[in-house]
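Colleague: I grabbed these lines from TrEMBL:
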COMPBIAS  321-341  compositional bias 'Basic and acidic residues'
DOMAIN    116-313  domain 'TLC'
REGION    320-341  region 'Disordered'
TRANSMEM  121-140  transmembrane segment
TRANSMEM  163-184  transmembrane segment
TRANSMEM  196-222  transmembrane segment
TRANSMEM  242-264  transmembrane segment
TRANSMEM  271-293  transmembrane segment
Amino acid sequence: MMMMMQTDCKQLQKDLRMGLSEGFWHHEYWLPPGATWEDMKGIQYPQPQDLLLCIPGALLLITVRCIFERTVALPLGRRLGVSDKLRPKVQPNATLEDFYVLLGRTPKEDRPGLMKKFCEASWRFTFYLTSFFSGLALLYDKPWFWDHTVCWLRFPQQPLPPALGWFYLLELSFYCSLVATLPFDVKRKDFKEQIIHHIATITLIFVSYCANLVRFGMIVMLVHDASDYILELAKMLHYMKWKRVCEAVFIVFAVVFIISRLVLFPLITYYYFVTKFQLFLVSCVINAFLMVLQLLHIFWSYLIIQMIFGVILHGAKRKDARSDTEESDRSEAEDLAKNQE
């Protein structure tokens, strides 16, 4: 009797899992009206379980990054003259520490040195540069890359080329690795915005892959990667104290960023996606996260333009609006400025 009850419970649990899985992957949620998963039979289309490889992929990228920073970026930085400022060791002061506690703060840890910033920027520059030109090479000969009407031809019955599947997995692994290392990386003033950006990007990569929106996703990722490596190069030049070259590269970055994120991105989103489908659940989710990214693009564009006019053109004190300064440092500086007025 007990054996029969245990068997029935296991069967019930199995049926429940199958029911939940079938409900989650129902074609009405993931595919446009009129399309079903049966239409996909006979072609090689994205399998959601493939994305589980992003976990070992992220761990592998973190390992490669550590090796790269130690064996490539660190010696390169030293050869190019990047060095940390020698800071005098401050003796513990009980009075000042009590004052910090009274204000509800704790004494901040040592600020990250230039070499650490240079190594992080070098890694991101290397990845973004490789990612952008690899993606460009993959898409250059694809007719749907140049003509948005071809992008959705026979959708969703579009086979997945293995190279595009691996590229998707690489991008997802990279952004997962960025989220995993955020607590250990140099904390930037737009830390919260970066978290939102990474979560939105990971969600879009996952959802678009599962819904076989790989063509559209590849175009969006390529547009995003177009400016990122230029920013990281400008940072490296800044840490090397190559002022004029840094300013020139930053202006190039600003132009590419604004054109790609404020012009091409909304046009591609509208013509390649919004106008092509009737609304269904996944399309609504993708549109919502694309809007989140666009709001971040507007926010960052404002900071970039503010820096160009306030720092480069007007010769104000050099300080990157998207610098690697900690939030606590900024708030304390603002408090000191107010006290001096």
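The backbone N, Cα and C atoms fix where each Cβ goes, glycine too.
Keep in mind that what you see is a predicted model, and the values were worked out from it rather than measured.
Any idea what these are sitting next to in the structure?
Modeller: As a whole-number mean, the pLDDT of the domain 'TLC' (116-313) in this prediction is 89.
Listed by sequence, the residues of this chain that lie at least six past the ends of the transmembrane segment (121-140) yet keep a Cβ under 8 A from its Cβ atoms are 65, 68-69, 72-73, 76-77, 163-164, 167, 170-171, 174, 218-219, 221-222, 225-226, 228-229, 232-233, 235-236, 239.
Remote same-chain partners of the transmembrane segment (242-264), defined as residues 6 or more beyond its termini with a Cβ less than 8 Å from a stretch Cβ, comprise 223-224, 226-227, 230-231, 233-234, 294, 297-298, 300-301, 304-305, 307-308, 312, 318.
Long-range contacts of the transmembrane segment (271-293) within the same chain, counting only residues at least 6 positions beyond its ends with a Cβ under 8 Å from a Cβ of the stretch, are 28-33, 148, 151-152, 196-197, 200-201, 203-204, 207-208, 210-211, 213, 216, 219-220, 265.
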Colleague: For the transmembrane segment (163-184), find every same-chain residue at least 6 residues outside the stretch whose CB is under 8 Å from a CB in it, and list them.
Modeller: 46, 50-51, 53-55, 57-62, 65, 127, 131, 134-135, 138, 191, 194-195, 198-199, 201-202, 205-206, 209, 214, 217-218, 221
